[in-house]
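**Q** Sharing the features that Swiss-Prot gives for it:
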BINDING   Cys11, Cys14, Cys17, Cys58  [4Fe-4S] cluster 1 binding site
BINDING   Cys21, Cys48, Cys51, Cys54  [4Fe-4S] cluster 2 binding site
DOMAIN    2-31  domain '4Fe-4S ferredoxin-type 1'
DOMAIN    37-68  domain '4Fe-4S ferredoxin-type 2'
Amino acid sequence: MSHAVKIYDTCIGCTQCVRACPLDVLEMVPWDGCKAGQIASSPRTEDCVGCKRCETACPTDFLSIRVYLGDETTRSMGLAY
């Protein structure tokens, strides 16, 4: 089952979320917005099972990555934009 995965610009490019994902949903891509010069990307959300291991692994105070499940998708993502 596919879930919406949102990467926020608070990402510090640490790769913790990418390494935590058991299904390789995430990857790092070049980005000039942080010192690491990279940001997480979610090109394979169709493989996301919603385990939220990426969220748990994120070391930022404000979770830089969020997985939205079912009704949570439209409700929460609507607030983010």
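Even glycines carry a Cβ here, placed using N, Cα and C.
Describe each of these features in terms of where it is and what it packs against.
**A** For the recorded site, Cys17 ([4Fe-4S] cluster 1 binding site), the DSSP three-state label reads helix.
When Cβ atoms from all protein chains are considered, those within 10 Å of Cys54 ([4Fe-4S] cluster 2 binding site) total 26, not counting its own.
Looking just at the domain '4Fe-4S ferredoxin-type 1' (2-31), the mean pLDDT is 91.
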**Q** Nearest to Cys58 ([4Fe-4S] cluster 1 binding site) by Cα, among Cys21, Cys48, Cys51 (binding-site residues)?
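**A** Nearest listed residue in space: Cys21.
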**Q** Other residues near the [4Fe-4S] cluster 1 site, CB within 8 A of the CB centroid of Cys11, Cys14, Cys17, Cys58?
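**A** Here the non-site neighbours turn out to be Ile12, Gly13, Thr15, Gln16, Val18, Ala40, Cys54, Ala57, Pro59, Thr60, Ser64, Ile65.
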**Q** Give the residue counts of the domain '4Fe-4S ferredoxin-type 2' (37-68) per reduced DSSP state, in the order helix, strand, coil.
**A** 8 helix, 8 strand, 16 coil
**Q** Give me the Cα-Cα distance between Cys21 ([4Fe-4S] cluster 2 binding site) and Cys14 ([4Fe-4S] cluster 1 binding site), rounded to a whole Å.
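**A** Distance (Cα to Cα, whole Å): 14 Å.
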